[in-house]
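Have a look at the structure below, then the notes.
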Number of protein chains: 2
Amino acid sequence: MLDLCLLGTGGMMPLPNRWLTSLMTRYNGSNLLIDCGEGTQITLKQKGWSFKSIDIICFTHFHGDHTSGLPGLLLTMGNSDRTEPLKIIGPKGVIRVVNGLRVIAPELPFEIEFIELEDDFNRIDYKGYQIEAYKLNHKVTCYGYNIIINRTGKFDMDKAKAADIPIKYWSVLQKGDQVFHEERLLTPDMVLGEERKGIKVSYCTDTRPIDNIVIHAKEADLFICEGMYGDPDEDNKAKEYKHMTFWEAAELAKAAHVKTMWLTHFSPALVKPKDFEYVAQKIFPNSFVAKDRQTITLKFED
Amino acid sequence: MLDLCLLGTGGMMPLPNRWLTSLMTRYNGSNLLIDCGEGTQITLKQKGWSFKSIDIICFTHFHGDHTSGLPGLLLTMGNSDRTEPLKIIGPKGVIRVVNGLRVIAPELPFEIEFIELEDDFNRIDYKGYQIEAYKLNHKVTCYGYNIIINRTGKFDMDKAKAADIPIKYWSVLQKGDQVFHEERLLTPDMVLGEERKGIKVSYCTDTRPIDNIVIHAKEADLFICEGMYGDPDEDNKAKEYKHMTFWEAAELAKAAHVKTMWLTHFSPALVKPKDFEYVAQKIFPNSFVAKDRQTITLKFED
C-alpha cells in the first residue's frame with residue numbers, strides 16, 4: 001500500500017492558488033519527496049503529513065521552481081527533531097547545489113547522504129522503495145523517476161517443506177530475512193511463490209516527449225506527467241521551452257499503456273487547466289488534470 | 001507619500017495562513033523590500049505590487065525565515081523583464097549568502113550591486129530613500145532599518161530674491177538640482193526655507209530589546225517591531241531564543257515616542273496573536289497586532 005500526494009501542480013513560479021509541482025509518497029513509515037519548490041513545506045503542512053518521516057528527497061533537475069523550497073524544508077525538518085540521515089538523490093551537481101542552498105541552513109541535527117546520478121538509467125533500493133531514475137530531455141540535465149513497491153510471492157508451504165526448512169524459520173524468511181542454519185543459508189525464495197505484481201508510479205517533469213519515457217513509464221499504475229500547456233495554440237511554446245503539451249503527454253500515456261495519468265506543472269498563464277482536460281482525454285481517456293494535494297492510496301492487486 | 005505593506009507576520013517558518021515577515025515600501029516609482037522568506041513572492045503577488053520596480057532589498061540577517069525566498073524572487077523579477085541593477089543591502093557576508101542561494105538562479109537579466117554593512121550604524125541614500133541600518137542583538141549579526149523620506153523646506157521667494165537668484169532657476173533649485181550661473185554655484189538651500197518633518201518608518205526584527213532601538217526608532221511615524229511571544233508565560237523563551245515579547249516591544253515603542261507600533265514576527269505556536277494585543281496596549285496604547293498585507297500610506301504632515 002502506497003499513499004501518494006501531489007503537493008502542487010504549478011510550474012515556473014508559485015502562485016497564490018497553486019503550489020509548485022512536487023510529489024510525496026508514504027510507504028511503511030517512510031516518506032519520499034520528489035522536488036521541493038518554494039512553498040512545498042506549506043502545502044505539506046496543509047496536507048498534514050509528517051516532516052520528520054522524510055527519508056528521501058529526489059530532484060528531477062535544479063531549476064528554481066523544483067529546488068527553491070529545500071533550505072526552508074530542511075530547517076523545518078530540523079525543528080521536527082529528526083536525527084536520522086536524509087538521502088538526497090539528484091543529477092550530477094546535486095551536492096554543489098544543496099550545499100549552495102545550505103548557506104542559510106548550515107546547522108542541521110541530521111546528516112545528508114547524497115546520490116549523484118551519472119548514468120542515463122539508475123536504480124536505487126532504499127527503505128522499501130525501488131527508485132528508478134531515467135533521463136529526460138529538458139534544457140538542463142533532468143530525470144524522471146519511477147517509485148516502485150515490489151511484492152514478493154505468497155508463502156508456499158509445499159515449497160518450504162520440499163526445501164526442508166524448519167518451521168521456526170518460516171515467518172522470518174517470509175518477511176524477507178535470511179537465516180544461517182546448520183551451515184546452510186536459508187533465503188526467502190525457498191518459501192515464497194512467484195513474485196507478484198507490485199505498485200509502480202512514474203513521475204515525469206520537465207521534458208520534451210521522448211521514447212525513453214514510454215520505455216520507463218511502461219504499465220505504471222499512475223503516470224504523473226507534466227503538461228505545461230493545454231491550449232492547442234501553444235504548441236510552439238512547448239518546443240521552445242522544452243516542455244510538453246497536454247496532448248503530447250497523453251500520447252506518451254497511451255503508448256506506455258499506463259493505467260491513469262495525472263497532468264501537472266501548469267504554466268502560470270494556464271489559469272484553468274481543467275478547461276483543456278478534454279484535449280488529453282481524446283487521446284488517452286484516463287487522463288486527468290490534477291489539483292494541488294490530489295491524493296490516492298495505491299494497493300496491491302488481489 | 002510612502003506606501004507600505006507588511007507582506008507577512010510570521011517568524012520561524014511559513015504557515016498556511018501566515019507568510020513570513022517582510023516589508024515592502026513604494027516611493028516615487030521605486031520599491032524597497034526588507035527581508036524575503038519563503039513565500040514572500042506569493043504574498044507580494046496577492047498584494048499586486050510590482051516585482052519589476054524592486055530596486056532595493058535589505059536583509060536584517062541571514063536566518064532562513066528572512067532569506068529563503070530570495071532565489072525565487074530573483075527569478076520572478078527576471079521574468080518581469082527587469083534590466084536595471086538591483087541593490088542588495090545586508091550584514092557582512094551578504095555577498096557570500098546571496099551568491100550561495102544563486103546556485104539555482106545563476107542567470108538573471110539584471111546586475112546585483114551589494115552593500116555590506118560593517119558599522120554599528122550605516123546610512124545609505126538611494127532612489128529617494130534615506131536608509132539607516134542600526135545594530136540589534138540577536139543570535140547572529142542583525143540590523144534594524146529606518147526608511148526615511150526627507151522633506152525639503154517650502155520655496156521662500158524673499159530668500160531667493162535676497163540671494164539674487166534669477167527667476168528662471170527658481171523651479172530647478174526648488175526641485176533639488178544645482179545650477180552654475182556666472183561662475184557661481186546656485187544650490188537648493190538658497191531658495192528653500194527650513195527643512196520640514198519627513199516620514200520615518202523603523203523596522204526591527206529579530207532582537208532582544210536594547211537601548212539602541214530606542215535611540216534609532218525615535219519618533220518614528222510607524223515602528224514595526226517583532227513580538228515573537230504574546231503570552232505572559234513565555235518570557236523565558238524570548239530570552240533563550242533572543243527574541244521579544246509583546247510587552248518588551250511596547251516598552252521600546254513608549255520610550256522611543258513613536259506614533260504607532262505594529263507587532264509582527266509571531267511564533268508559529270502563537271495561533272491568535274490578537275488575543276494578546278491588550279498586553280502591549282496596556283503599556284503603549286497605539287500598539288497593534290499586524291495582519292498579513294496590512295497596508296498604509298504615510299503622508300507628509302500639513
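Yeah, the Cβs are placed from backbone N, Cα and C, and that goes for glycine too.
Caution: TrEMBL annotation is automatic and unverified by curators.
Annotated features in TrEMBL:
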type	residues	note
ACT_SITE	B:Asp65	active site, proton acceptor
BINDING	B:His61, B:His63, B:His138, B:Asp206	Zn(2+) 1 binding site
BINDING	B:Asp65, B:His66, B:Asp206, B:His265	Zn(2+) 2 binding site
DOMAIN	B:196-266	domain 'Metallo-beta-lactamase'
Near-site residues: Zn(2+) 2, ref B:Asp65, B:His66, B:Asp206, B:His265, CB cutoff 8 A to centroid = B:Gly11, B:Met12, B:Leu20, B:Thr21, B:Asp35, B:Gly37, B:Thr60, B:His61, B:His63, B:Thr205, B:Glu226
For B:His61 (Zn(2+) 1 binding site), write down the residues of its own chain that are at least 6 apart in sequence and whose Cβ falls under 8 Å from its Cβ; none is a fine answer.
-> B:Gly90, B:Pro91, B:His138, B:Val140, B:Thr141, B:Cys142, B:Tyr143, B:Asp206
Using Cα coordinates, what distance in whole Å links B:His63 (Zn(2+) 1 binding site) and B:His265 (Zn(2+) 2 binding site)?
-> 13
Against chain A, in sequence order - binding-site residues B:His61, B:His63, B:His138, B:Asp206, B:His265 with Cβ under 8 Å = B:His63
Quick note, B:Asp65 (active site, proton acceptor) and B:His265 (Zn(2+) 2 binding site): C-alpha atoms separated, nearest Å, by 10
DSSP state at B:Asp206 (Zn(2+) 1 binding site), helix/strand/coil = coil
When you measure from the Cβ of B:His66 (Zn(2+) 2 binding site), how many other Cβ atoms are you left with inside 10 Å?
-> 27
For the domain 'Metallo-beta-lactamase' (B:196-266), jot down how many residues DSSP puts in helix, in strand and in coil.
-> 26 helix, 22 strand, 23 coil
How would DSSP class B:His63 (Zn(2+) 1 binding site) in three states?
-> coil
For Zn(2+) 1, what surrounds B:His61, B:His63, B:His138, B:Asp206 with a Cβ no more than 8 Å from their Cβ centroid?
-> B:Thr60, B:Phe62, B:His66, B:Leu136, B:Lys139, B:Val140, B:Cys142, B:Thr205, B:Thr207, B:Lys242
Are there residues of the same chain, six or more positions away from B:His265 (Zn(2+) 2 binding site), whose CB falls under 8 angstroms from its CB, and which are they?
-> B:Thr9, B:Gly10, B:Gly11, B:Thr21, B:Thr205, B:Asp206, B:Glu226, B:Gly227, B:Met228, B:His243
Mean of the pLDDT scores, which run from 0 to 100, over the domain 'Metallo-beta-lactamase' (B:196-266) | 96
